[in-house]
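Copied from Swiss-Prot, the annotated features are:
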- 33: active site, proton acceptor (ACT_SITE)
- 267: active site, proton acceptor (ACT_SITE)
- 134, 315: substrate binding site (BINDING)
- 33: N6-(pyridoxal phosphate)lysine (MOD_RES)
């Protein structure tokens, strides 16, 4: 057994997907980019399919290829616009892609003409930038771009989409901004439809929009963070508590030392023992995703009790003040975060992220590859 493990509670994933589906009639496209936010894309996708998930979203062609190699046959949408080098792989693996420029259409059309498969096709979703400022065509270019897709042999229009910038905020100006984005998007959709074009899937809602902006559900939703157990902080605590963390990060006590009063611990001498105490050495550090910004202040759970991490977190290790008298032994399990329903302390990754001045997305994605993923089915 690896000393550092990310326990993936698939029952919690299924529970969260059930909660998501109870809140919308739209299809669910589950984001599994960044290895399913650190949870393991292939195993997560297989579990999600049994819950009725319609499709999956990835950030790049390589992620889509891994899903196909694992036997996932459901629709996959690549959220990044394609490069010339990637298009042949998109076509080969039957991956739909976002486009936002005429040049993307030309690249795909050329690749289709050069394909050895004379019947090859490529599904595309036209992305409209309604205020995010990233990938997407201007709203006044959307209809012409869709018409060009429909007129190009081998290309199939699969959807039209956008992305919200501040759907997780309840500030009045941000609520207005989200509604402005939604209205601009709907104007584009209506204009396209009036031109005689049918759009199979209209989609925009991320996790925050799913919970807070029901008028933005449309035909399909893309809830990532919710599926993995975390709702935006702006959501009412009663709603947030319904979603259960899927990942539990655990390690073990590798060594225990007694240190005298006045002794320093770790780099830069950031912590000094005020009295004689015991410290435990944990074989986990920032290379594993336990960010340096978490100390001081991070608490870990050992045997149902909380202990503070002290001193600077190192690349491969960190130190815990175990106090006196000593109630911990070498080899004891240590939980850094995880769901309470799994018998853990109930300290979620959102608590750690807030302490580190970041967001749960970043903390979950940062859990390193040398942390073994163990799937609890």
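Glycine is treated like the rest: Cβ placed from N, Cα and C.
Of all the recorded positions given, namely 33, 134, the one with the smallest number of surrounding CB atoms inside 10 A is 134.
Distances between the Cα of residue 33 (active site, proton acceptor) and those of the recorded positions 134, 267, 315 are shortest for 134. Cα-Cα distance from residue 267 (active site, proton acceptor) to residue 134 (substrate binding site): 40 Å (rounded to the nearest whole number). The C-beta environment of residue 315 (substrate binding site), restricted to residues of the same chain at least 6 apart in sequence and closer than 8 Å, consists of 285, 286, 287.
Note on residue 267 (active site, proton acceptor): other Cβ atoms within 10 Å of its Cβ, all shown chains, come to 11. In this structure, residue 315 (substrate binding site) belongs to neither helix nor strand by DSSP; it is coil. In the three-state DSSP reading, residue 134 (substrate binding site) counts as coil.
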